[in-house]
């Protein structure tokens, strides 16, 4: 169509403009970022015409130069500029994006070759002052591009800076608002997330009218209706509504959550999760008739959803229709042969109906798919109630083993995140490290290393009161290892010393050396505090104790030397007073 041809052609000019002037850069150019070129009167067609003229002139110049066997650099530059871009140009096949800055990396080499050639030609045509002016302008341009590169690298340092930059650069792009809202929701910043979800819904609505096919079905893939892959406007709307529902549900705003789910279904009748969540929410409010209607509508629109059939089966069991539930559990297993949850539910259902042999078969079949504690426990109970005690106790042992394995997996996952946060803190990205660590603490309040890391982060930020609070929380966990407790008291002493609370700091250091007498730094800090307070005899005793542990410490030797000089002066003063 004309619209397709004009838009494809303009995209070529747009990519060239990004090479010439990379002012507006974004990680995602989808959903309304570049409006369609609808008519030949669109002013953007001038850019397309200008590109066609320039490329034609360059091609003719190359042909002429090739015949004369000169200026081959123009041909090389043009080859590097054009050929690497052809796969992403939509000329021979459709690609999965509209604009992607990454595909301009190779063409940029051709652009640089052409730019250098053109600069040299201009310098030969200009007089001395003109050539000097041109050189200075080129140097300024290189500095400007270097500054832009540095700023762009800063944007890619973290997910937050990347997603925030998208919102700032393309505020009319629904996709970037949706991505940023997802990040904010994961960080627990629900108020900001709600704003960006609603913004995504608002800015996405007008663009949808550009693409109406088959009774106004929304088929806008990114901002081009005919592009392969990408996000449809309707998909983003549906996901925004569903995310808003999750936030509303967590804040106990159930009626609002119900309305949001209904809106989500409007934009995605094939969205099985929305039907399940809506029906579950209605069932919680004992609106069983509405819930059943939603389940039935969901199964009609999403007949291939195994989870929907399983959830409807659970609903039927809870509302007193177990016989009907059997068919839906079996349908879930037919659609997804590895659906161990539906198999387990069938086992429980037959167990409640008194058919233990069939229940056992379903439990065993589920265990072949996934050996989980929630499947072993009911099977063990079945063995116990039917007098098969050996099988029962074997299941108990296996269940305990699975629990320990899960706990170990959870601890390893926490360790990985803590390690990432430590790396970020070392790199100076303390805000990001703080958010990651606080997220772990919110999920696992007994994470000792998290509190220690938080204390280090706050100390780096010079928030010593917060650092002290984190250490106190770590001490409240009462670790069993005396050396760990000693380290915590030592860290607490450091934070108190930073706040000039020397007496309290001294007590913390004292507690540290009582638990671990080999804590040399704590002995030295105790000596330092007594030194400051003028208790030179005590200071010397603490310094000498520390020096026994680290005899090569130059700092301790210097501190003892300072004490010697002070005591010598005091002795001289006393002798003068006596005479």
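Note: Cβ is positioned from N, Cα and C throughout, glycine not excepted.
TrEMBL: automatically predicted annotations, no manual curation.
Per TrEMBL, the stretch carrying the note transmembrane segment among 45-66, 155-176 is 45-66. Long-range contacts of the repeat 'TPR' (486-519) within the same chain, counting only residues at least 6 positions beyond its ends with a Cβ under 8 Å from a Cβ of the stretch, are 452, 455, 459, 464-465, 467-468, 471-472, 474-475, 479, 525-526, 529-530, 532-533, 549. Within the chain, the transmembrane segment (103-119) has long-range Cβ neighbours (under 8 A, six or more residues past its boundaries) at 15, 18-20, 58, 71, 73-74, 76-82, 84-85, 87-88, 134, 138. Taking H, G and I as helix, E and B as strand and the rest as coil, DSSP gives the repeat 'TPR' (448-481) the counts 26 helix, 0 strand, 8 coil. Per DSSP, the repeat 'TPR' (306-339) is made up of 27 helix, 0 strand, 7 coil.
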